[in-house]
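Here TrEMBL flags 35-57, 69-91, 210-235, 247-270, 282-302 as transmembrane segment. Per TrEMBL, domain 'G-protein coupled receptors family 1 profile' is recorded for 50-300.
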Amino acid sequence: MEYRHSGTFLPQANHSTEERFLLLGFSDWPALQPALFTLVLLCYLLTLAGNSTLVLLALRDPRLHTSMYYFLCHLALVDAGFTTSVAPALLASLCGAELWLQRAGCLAQLCTSLALGSAESLLLAVMALDRAAAVVHPLHHAELASPRRCRALACASWLGGLANSAAQTALLAARPLCTPRLLDHFICELPALLQLSCGGGRDATEHQMFIARVVILLLPSSVILASYGAVARAIWGMRSRGGRRKAVGTCGSHLTVVCLFYGSAIYTHLQPTTNYDQGRGKFVSLFYTVVTPALNPLIYTLRNKEVKGAARKLLGSLGRGQAGW
């Protein structure tokens, strides 16, 4: 990865024949760059602080040693890694640096973001299954969500994300990419790179990659819909208002995160490459790579009494520790 400070974002002629890509970022929105820099920096700091705090609380407080918070810790790690793979380079670009990437660096960034995004898609489906088991089968939830089964599901989510990423990155790496290698984007995102693909067999490759994206997005979303269908039927059959309120509160935050993630991801990855607008797509990508990971810890904790109680307990222990000195 190479940064160059310059007043222009047009590539030099000798770059057009090299295996390098110029990411234009938001250079076509110069008046918006200071605001975007502030937004990205704030979201990045919130993502790191919020997700690391959530993991710390879940590890320290025995009340949070449940399947829900176990999967939430994995989601927090995915979100922190996802934003970290994007934010530093984006911040440099918003400060006026030209962002050049070697082909290998571009593919590495693509592989990382695809792996983490795919893992998040699978984790959200696993969390929906866990919430459905807690609401529909509350008496058997501890058995259904045993520690061994939770570890297996989390591991499968990570490995599934990595496998999907490796397959799609390998397919793209085998394709020649046309010049000029300009990406009107701030990351090496799959739809933008596919628009640079040239040579024979392009349609077949795009079809294979589209199938992979359908599997990693629509299959988990179908699991989520089925899980919440079962939850809705269970809530409808509850006689206690308190039970209904607790069930809705338990699932509401997760459903909000699901809508934020899948809405932007499906828009980006499940439209034909020929219809993909890089100028509009980079704003959508900014939302699900930078903004959503910052919102997730807030969504899961603002109305969560257990997390608030764990935070007060941790702050109290820190206060007593300082008083002891």
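Yeah, the Cβs are placed from backbone N, Cα and C, and that goes for glycine too.
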Distal contacts, the transmembrane segment (247-270) - CB-CB under 8 A, six or more residues away:
68, 117, 120-121, 124, 127-128, 131, 134-135, 189-191, 210, 213-214, 217-218, 221, 224, 228, 231, 234-235, 238, 276, 281, 284-285, 287-288, 292, 295-296, 299-300, 303-304
Do any residues of this chain, six or more beyond the ends of the transmembrane segment (35-57), have a C-beta under 8 angstroms from a C-beta of it, and if so which?
26, 29, 64, 72-73, 76-77, 79-80, 83-84, 87, 90-91, 94-95, 286, 290-291, 293-294, 296-298, 300-301, 307, 310-311, 314
